[in-house]
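Q: From Swiss-Prot, for reference:
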- 1-19: signal peptide (SIGNAL)
- Gln20: pyrrolidone carboxylic acid (MOD_RES)
- Cys50-Cys65: disulfide bond (DISULFID)
- Cys54-Cys72: disulfide bond (DISULFID)
- Cys66-Cys73: disulfide bond (DISULFID)
- Ser80: serine amide (MOD_RES)
Amino acid sequence: MRLVVCLVFLASFALVCQGQVYKGGYTRPVPRPPFVRPLPGGPIGPYNGCPVSCRGISFSQARSCCSRLGRCCHVGKGYSG
């Protein structure tokens, strides 16, 4: 039984190495996500490009974060979402 399992594994590995399993032709590598430049005014939250704090950001940056992500700054309260 072990011999059969070993032979099946080796045969499937050989097919993958030869490229017989993938019939779609050349597959290019997955591109990296674009680099997000940090905004001035504080640390950056994960994957969103908006500062964690509302302090020190411009009105246009605050409006952009609010419209794109629903993270809206309120006077004296910080982010709402």
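Glycine residues also receive a Cβ, built from the backbone N, Cα and C atoms like all the rest.
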Q: What disulfide-bonded residues in the list Cys50, Cys54, Cys65 lie within 10 angstroms of Cys73 (disulfide bond), counting C-alpha atoms?
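A: Taking Cys50, Cys54, Cys65 one by one, the ones whose Cα falls within 10 Å of Cys73 (disulfide bond) are Cys54, Cys65.
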Q: Determine, from DSSP, whether Cys73 (disulfide bond) sits in helix, strand or coil.
A: strand
Q: Could you check which of the disulfide-bonded residues (Cys50, Cys54, Cys72) sits closest to Cys66 (disulfide bond), going Cα to Cα?
A: Cys72
Q: Which state, by DSSP, holds Cys54 (disulfide bond): helix, strand or coil?
A: coil
Q: Taking only the Cα atoms, work out how far Cys72 (disulfide bond) lies from Cys50 (disulfide bond), in Å, as a whole number.
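A: It is 10 Å, counting Cα to Cα.
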Q: For Cys65 (disulfide bond), just give me the three-state DSSP call.
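A: DSSP call for Cys65 (disulfide bond): helix.
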Q: Cα-Cα separation of Cys65 (disulfide bond) and Cys54 (disulfide bond), in Å?
A: 10
